[in-house]
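Everything on this sheet refers to the single structure shown next.
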Amino acid sequence: MLGNKVSRQKPCHHCKSRSAAAPPDTSTIHYEKFWLYRHCSSVQQGDRQAQKAGQLFSGLLAMNVVFLGCAFISSMIFNHIAITLAEVWILLSILKVLCLCWIIYYLLGTSRQPHAVLHRDSHAGPIWIRGSVLLFGSCSVLLNSFQIGYSTILIQCKSKVDILFPSIDILFICTQAFFLWHHSKDCIQVQHNLTRCGLMLTIATNLLLWLLAVTNDTIHMEIESQLRETTSCTCPNTTICKVFQKGYILLYPFNTEYCLVCCSVLYVMWKNVGRRISHHHSSPTKAKFKLQGVVFGPLLGTVAVIIGICVFMLYQIQATGSVPNRQVFVMYYSYYIVLLPLMSVGAVIGTIIHALEKRELDTLKNPTRSLDVILLMGAALGQIGMCYFSIVALVATDPVDLLNSLILSYSVLLIFQTITQNVFIIDGLHRQHTSSSKEEEMKEQQIHEGYDQRRVSMIELGQEIRKVSLSYIHTYSNLTWKRRALREISFFLVLCNIIVSI
C-alpha cells in the first residue's frame, strides 16, 4: 500500500525522548510506513525511508508517462500516417483530464484535511513566478481561443479534435494556474504518495505539452500558408480569419514558456511534500528588491532598453524584407558587442563586492534555490552550446569578413557574459540576509509608510513631493556603498536581460 495518512505512532523505549522534544502539533504527523520498511525501529529513519520510496515511485510514474508521450510524438514526427497529430492530442487530453481530477481532489479534499498544511515554504512560489504563470497562462488561453476560432471557420478541412483539444487545454490552464497561485507554498503533511504521484503526473503532462509545442511543425505550415497561400486549407478573404491566424502565430511561444514555468513550480511543490520547516526558519525576513536607493542602474538600463528596441525594430523591418540590408545586421551585432561587455563588467564587480561583504553562506536545504541554480545552469548550457557552434561555423568559413567578425565577437562575448552573470546570481542566492541590511530596509519602509499614511491635499502636493524627494536622497545616502553598488548593478542587469531576451 502506497497511501499515507495521519496516525499516532506508538512510543518506543529508544525514541521517547525524541518524541517528547518534538513540537506537539507535528509530533503526530508522520508517514505511514512503506511496506518495504515495516520493521524499521526508528521513527525518524522510517519516515525518511518512506519519503525516499514515495519519491522513487512517483518519479518512476512520471518517467513512464514521459516515455510513452515521447514515443507518440516521435512516431508522429517520423511517420505522419502511422501516428497522427490528432492521436497525440487525444493522449494529451486524457492526461490533462487525469491531472484535472487530481487537482480538483487536492483543492477540495487533501488540502482541507486536518493538519494538511502545517508549514508553508516562504521561498517557494514568489510573486514574480506566480505572476509569470498568470501572464503566460492568459496568453496561452488567448492562443487556444484563436485556435478554436480559426478551426471553426475552417471546419470543412479541420477535424473535431482541432476544437476539442484547445477547449480542454483552456480548462487545464485555468485550473492549474489557480492551483499554483494559491498552493505553490504548501508543504502538505497528508496523503504524501498520492500527492507526489499527482504532482509528477502534472509535471509529465506539462513536459509533453512543451515537447509537442517545440517539435510540432503545424505552426511552420501555418506561417508558410500565410506567406505563400500554397495549402488547400487556407483562410478565406475575411478579417476575422486573418486575425485568428495571426494571433495564433504570434502567441505560440507563450505556451512553451507557460509549460516550463509550471514544471518548475510543481517540482518545488513535489520536493516540499512532507517537509517540516522548523519555527526558526518558517517565517524568515524576505529580502525584497526595491527601487528605492537606486539611481544610475535604472537610468543606464532604460537607455540600453530604448536603444535596443529601436535597433530591434529596424532589424525586424529590414531583415524580413525582400532584399535584406547588410548594414542593419552590422548595426544589430554592434549594439550587442557594446552591451555585453558592460553586463559582464557589472556581474564581475558584483561578484567581487559579494566577496568583500564576507557574509555567511546559507547552507540550509532550499528546494527553490536548488531549482533556480539548476535552471540557470541548464539555460546557460544551451546558450553556450549555440555560441560554440556559431564560433566553429564562422572560423571554418570566412572570419575576416566584417559581419562574420562581428558575429564571432558577439558569440565569444555572450559566452563570457553568461558565465559571469550566472556566477554573480548563484553567489547572491547563497548569501544570508544580514541584520544590518534588514535594519536598513526597516528604516526605508518606516520612512515611506509615514508618507503613505498622510493624506495629501492639492495645496500641499508640491511640498510633499519635495519632502519625498529629500527622503529618497537621504535613504540613498544612508546605504553602504556595497549595498548601493549591488542594487545599481542588479537593476541594470535586469533591464539589460529584458532587451536581450526580446
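We number each residue from 1, going along the chain as drawn.
Just so it is clear, glycine is given a Cβ too, placed from its N, Cα and C backbone atoms.
Annotation source TrEMBL lists compositional bias 'Basic residues' at 7-17. The region 'Disordered' feature in TrEMBL is assigned to 1-24. The annotation transmembrane segment is assigned in TrEMBL to 56-82, 88-108, 128-151, 163-181, 193-213, 249-270, 291-315, 335-353, 373-395, 407-429.
Packing against the transmembrane segment (193-213) from elsewhere in the chain are residues 2-4, 54-55, 57-59, 61-62, 65-66, 69-70, 73, 88, 92, 95-96, 98-99, 102-103, 105-106, 110, 176, 252, 255-256, 259-260, 262-263, 266-267, 269-270, 273: each is 6 or more residues past its ends and has a CB under 8 Å from a CB in it. Between the transmembrane segment (249-270) and the listed ranges 128-151, 163-181, 291-315, 335-353, 407-429, the one holding the most Cβ pairs under 8 Å is 128-151. Sequence-distant contacts of the transmembrane segment (128-151) (same chain, at least 6 residues past either end, Cβ-Cβ under 8 Å): 158, 162-163, 166-167, 169-170, 173-174, 176-177, 180-181, 184, 235, 240-241, 243-245, 247-248, 251-252, 254-255, 257-258, 261-262, 264-265.
Counted over residue pairs 6 or more apart, the CB atoms of the transmembrane segment (373-395) and the transmembrane segment (407-429) come under 8 Å in at least three pairs, which marks the two as touching.
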